[in-house]
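Below is one structure, written out as structure tokens, with a few remarks after it.
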Amino acid sequence: MSHFSYQDGVLHAESVPLPAIARQFGSPTYVYSKAQLLQNFRGYAKPSQGRDALVCYAMKANSNLAILDILAREGAGFDIVSGGELLRVIAAGGDPGKVIFSGVGKTVAEIELALEKGILCFNVESIPELHRINDVAGRLGKRAPVSLRVNPNVDPKTHPYIATGLKASKFGVAFSDALDTYRSAAALPHLDVVGIDCHIGSQLLDDAPLLEALDKLIELIDTLAAEGILLHHLDVGGGLGIDYGTGDNAPVAIGDYVSRVFARVDAWRAEKYEGKPIKVIFEPGRSIVGNTGVLLMSVEFLKPGEEKNFCVVDAAMNDMARPALYQAWMDVKPVQQREGAVVKYDLVGPICESGDWLARDRELAVEPGDLLAMMTGGAYGFTMASNYNTRGRAAEVLVDGDKVHLIRRREEPAELFALESVVK
Ligand SMILES: Cc1ncc(COP(=O)(O)O)c(C=O)c1O
Ligand SMILES: N[C@@H](CCCC[NH3+])C(=O)O
């Protein structure tokens, strides 16, 4: 069930009409639904109940403190990729003991911070990184919990920019090198080798590649066990896709995917380990927050042209980079349905780049001043926003039933250059 719906011809977030939000907070504004967020998170958490499992939300998808706080209260852990994200988790009241730290370029300072805060584990992506973590841990008199991100070389069948588990990818350790890398890790004095992980890509509509990757991890865990390297957890990564409204493939439902993972894991543990469980970690981002948010914008001008008609809106590629970066198709809906002639438009922003487009060839009946909503914008929307053209980033609001909370105010232009100074 979607928590964004038309009521009497007006698009609502839960029971709040979007025009009321635009009047109060202006536009462009990201609008999130708390009920949708909880529904998605519980899609992972419910089938995990009563098991040794942890959902580490990949907060790069949307790291607003209000979102993190809600998820932390639901028991979420977090997948982070920087020291800054760890500080956000802590600021939001999240438990560092449920944090896993991914990423190919962890700095010494970030490793120190993570060790001091006591994270659950480092998802290590290379041999030099293993040595760096070992050195830092030794210097601090600590032991560092590590998992190896293994690159299972499974084709995720997604956009090449968001595929991460192939041989040519910068991420992870090659499957063929994994055993040796585990041996090296086990020999380092300040590391505890606790797990294995993978993340093969994002926006996967089918879970077959995810399950194929899981099978490869299981195979490796057995090989390691035979060598006496016993792992405590298995992290299957994130990557489950969502419905962007393109009308083609429907993504697999969260609950179905999670159940299939547990079915496989249970059968394997029963067969090889007398049923002894292993902790299962999920790292979803998009499938938790994607359909939780929309980007509310307003039409500035309609600009007919010989080849194209342009609908110029007040949002731009700095607010939502996905179309410009990945040619991503994002659904755009009128906030107030109106009668009138439908015209084919390219939806463009005010930024001085030809690549500043949000949608192409969309049939819309619109007038200047109308509101539009870019649907399914809750993931990799605000977090990838920039200040290009000295544009303040959009406001963010959270709707909870009939209540609206401002969870990040709009940036003011003076704030955008406040950290700069002229040379006297
Ligand atoms: C290491 C890691 N884990 C989890 C995720 C979350 O992926 P998604 O948003 O596709 O679920 C990402 C991003 O793709 C990632 O790089
Ligand atoms: N940012 C991408 C996904 C990349 C995920 C990060 N590993 C998107 O908007 O689709």
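Backbone N, Cα and C define each Cβ position, glycine as well.
Residues annotated as pyridoxal 5'-phosphate binding site in TrEMBL: Gly239, Glu283, Pro284, Gly285, Arg286, Tyr380. Under DSSP, Pro284 (pyridoxal 5'-phosphate binding site) is assigned to coil, being neither helix nor strand in the three-state scheme. Neighbours of Pro284 (pyridoxal 5'-phosphate binding site), defined as other CB atoms within 10 A of its CB across all chains, total 29.
Taken from TrEMBL, the feature substrate binding site covers Arg286, Arg322, Tyr326, Glu353, Tyr380. Under the three-state DSSP scheme, Glu353 (substrate binding site) falls in the coil class.
What TrEMBL records for 30-377 is domain 'Orn/DAP/Arg decarboxylase 2 C-terminal'.
What TrEMBL records for 49-289 is domain 'Orn/DAP/Arg decarboxylase 2 N-terminal'.
In the three-state DSSP reading, Lys60 (N6-(pyridoxal phosphate)lysine) counts as helix. According to TrEMBL, the N6-(pyridoxal phosphate)lysine annotation covers Lys60.
Maximum C-alpha to C-alpha distance over the listed pyridoxal 5'-phosphate-binding residues Gly239, Glu283, Pro284, Gly285, Arg286, Tyr380 is 15 Å.
The DSSP secondary structure for Gly239 (pyridoxal 5'-phosphate binding site) is coil.
Most other Cβ atoms within 10 A: among the binding-site residues Gly239, Gly285, that distinction falls to Gly239. For the binding-site residues shown (Tyr326, Tyr380), fewest C-beta neighbours within 10 angstroms: Tyr326.
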